[in-house]
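Worksheet: the structure to be examined is printed underneath.
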Amino acid sequence: MSERNTLFSRPLPIALFILVALVADQAIKYLVEAFLPFQEAVPVVPMLALYRTYNYGVAFSMLSGMEGWFIVGMRLAVVAFVLWLWRRTPKDRFFAHLGYAMIIAGALGNLVDRLLFGYVIDYILFHTATWSFAVFNLADSFITVGAGAIILDELLQTKKTRSLKL
């Protein structure tokens, strides 16, 4: 039985997706830098504000005390590892391939910031009157949704494998 190629199992569609996602991420960050005040909440809807800040670490400002080149190297290693996973994953696993593309796009989006500025531009803030979530950006969202797509793919694959055994 041969594998059915999915859209993101082929190099050109995945490269185009990553490029479009990267351009969108950088364009939004450019607008954030140009028009949002620094560390001042701009309410959008209840519980959501735009809030420009800089992240010198990785997710949730972890490793913010580490040398910038260490973080750049770590991000490049993540991209290389995800590319390796993408190449080894069966071609019919749509959500896994979509997830890999999203993770690569997000990692590259934040890597561009790190290389250009020495920090990552964050600007999305979820909050209530007594609590607020970490400030993040579109690239972070790509990484999170991409990881979710891979988990979904694994769950679907497990269900498919179980039904084949019955």
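Backbone N, Cα and C atoms are what each Cβ position is placed from, and that goes for glycine too.
Noted in Swiss-Prot for the protein shown:
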ACT_SITE  Asp122  active site
ACT_SITE  Asp140  active site
TRANSMEM  12-32  transmembrane segment
TRANSMEM  66-86  transmembrane segment
TRANSMEM  101-121  transmembrane segment
TRANSMEM  132-152  transmembrane segment
- Taking all protein chains shown into account, the Cβ-based neighbour count within 10 Å for Asp122 (active site) is 23
- Message: Quick check for the class: what is the C-alpha distance, in angstrom and rounded, between Asp140 (active site) and Asp122 (active site)?
- Response: 9
